[in-house]
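Here is the structure we will look at.
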Amino acid sequence: MKFTLKVAKPHKLAVDSLNLFLFEEDLAKSFSDFPPQIIVQIKEALNKENFKGATSDQLVISGSLDEAAFYKMSVSGLGKKAEFDLAALYESVGRSIRLSQGTKAVKIAFDLPLFWLDKFGPEKTVEAVVIAAMLSSYKFLKYKSQVEINKIRPIEEIIMVIPAQKLAQAEGGIRGGILIAGATLYARDLVNEPAQITTPPFLAEEAVKIAKNSKGAVTVKIWEEDEIKKNKMEAFLGVSRGSHQPPRFIVMRYKPARSRKKIALLGKGITFDTGGLSLKGSEHMETMKLDMAGAAAVLGVFSVIGEIKPPIEVVGLIAACENMPGGRALKPGDILKAANGKTIEVLNTDAEGRLTLADSLSFAVKSEKPDEMIDLATLTGACVVALGENIAGLFGNDVKLLAALEKASNSSGDRVWQLPLEKSYAELIKSQIADIKNTQTGKYGGAITAALFLNEFTADVPWAHLDIAGPAFAEKVTPLTAVGGTGFGVRLLLNYLKSV
């Protein structure tokens, strides 16, 4: 997909579709740059379809318009200006792309509203448009036959019409948007691959490829099972031992010449989760290739970190394994010792992600000594019950870090909501025979108790936990996602790293 900025009269662009965005308040004055004849025709079409500018309003005006070089006009409502934020911008562009896909347009133009450029700045606006366009155009076609692929007519070029006085400020937005969207789509690809492909060694190989392609910006170390044992990661190995696939512990590093601080990013890397001996029902197992979405997000970040160049050292940690039943599998009631010495009673082998993260966090604290730690994990169904499928739960022990991640969420479109790390609930994960247990007493507050479990391994290092069980995988098409992996967390983390 090609992106260009252009100073031009929108109606003179020879494109398949000219895409307009209209606020409710501006319907009467949104076409001042158009010739009078076109304004009359547009208003007639809007009135005929009772188009009011609501976010649900969309309209395609087909046929020839007087003095127009474009073939069709696609119009999308934006709602009220007072309610419009960056998340709404991403969604609006995604809806507009979907509308153009329905008309089989190949070359389209966006007439960027001046309100967007003034409120968000030219560069951020263009970056957001590029990201939204690429995300909404994504399709995972690797396993489709050529016959099916040939039926798809993708959008090839997007022109963004911009005032001359905004052009210079906007130009960096294209490159930034392509980098961020590309990293997100890479994470989607990793999640969408079947588990027969995405094994722990496969993720390790991807990390090695990222390092090789980074021109020296990223280094990587891969630990195989013997090295993992030497580092006393018994909780991680306990999860992996039911599978024939060998575990891998992946350590990625980006270290600029001068660094303000050191941040550890940890991604849950369960490449397939059957639940182990606490076996999931078939309806809950069909999409469990998604259980490495946290790892995919970390790999996505590292795939472009050498281009983004944040002024901080970033370490990526992934404990990759499968959670399978088998003769050697972890059993309910087993006791494991984590790398920091804490003992864990395993009452449910389907609460395995927190076990692998326990050793990852312990390693980060002891060996990396970061200033901050951020983990991403498809951890609990309880978080999906609390927040739904589109919002990640945000927990942590540091107010400043949580506030910064909320700010990055608002600017990236990856939505989070802070939930309490309620210390009194820690009683629910106390074990009678070990230090802690991996599931809580009772059936409520599961997202909180899972976060409290992880907090046992942070040693009070500033830490944030993102429970991405809801937004990591889309069960239906949305303005920005196809069915499958969403790449959630990549945009959020890159926005955060750029802001530090």
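In case you wondered, yes, glycine gets a Cβ from its N, Cα and C as well.
According to TrEMBL, the features are:
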BINDING   Lys268, Asp273, Asp291, Glu352  Mn(2+) 2 binding site
BINDING   Asp273, Asp350, Glu352  Mn(2+) 1 binding site
ACT_SITE  Lys280  active site
DOMAIN    348-355  domain 'Cytosol aminopeptidase'
ACT_SITE  Arg354  active site
Are there recorded positions among Lys268, Asp291, Glu352, Arg354 that sit within 10 Å of Lys280 (active site), Cα to Cα? If so, list them; otherwise say none.
none
Below 8 Å Cβ to Cβ and six or more residues apart, same chain only. Which residues does that give for Asp273 (Mn(2+) 2 binding site)?
Lys280, Met285, Met288, Asp291, Glu322, Asn323, Asp350, Glu352, Gly353
Among Asp291, Asp350 [binding-site residues], residue with fewest other Cβ within 10 Å
Asp350
To which of the recorded positions Lys268, Lys280, Arg354 does the lowest count of other Cβ atoms within 10 Å belong?
Lys280
For Glu352 (Mn(2+) 2 binding site), just count the other CB atoms lying within 10 A of its CB, please.
29
Can you name every residue in this chain, apart from Asp273, Asp350, Glu352, with its Cβ inside 8 Å of the center of the Cβ atoms of the recorded Mn(2+) 1 site?
Val239, Ile270, Thr274, Gly275, Gly276, Ser278, Lys280, Asp291, Asn323, Thr349, Ala351, Gly353
C-alpha of Lys268 (Mn(2+) 2 binding site) to C-alpha of Arg354 (active site): distance in Å?
8
Can you work out the mean pLDDT of the predicted model over the domain 'Cytosol aminopeptidase' (348-355)?
98
Identify all same-chain residues not among Lys268, Asp273, Asp291, Glu352 whose C-beta atom falls within 8 angstroms of the centroid of the Mn(2+) 2 site's C-beta atoms; report them in sequence order.
Val239, Gly269, Ile270, Met288, Met292, Asn323, Gly353, Thr356, Ala377, Thr378
According to DSSP, Arg354 (active site) sits in helix
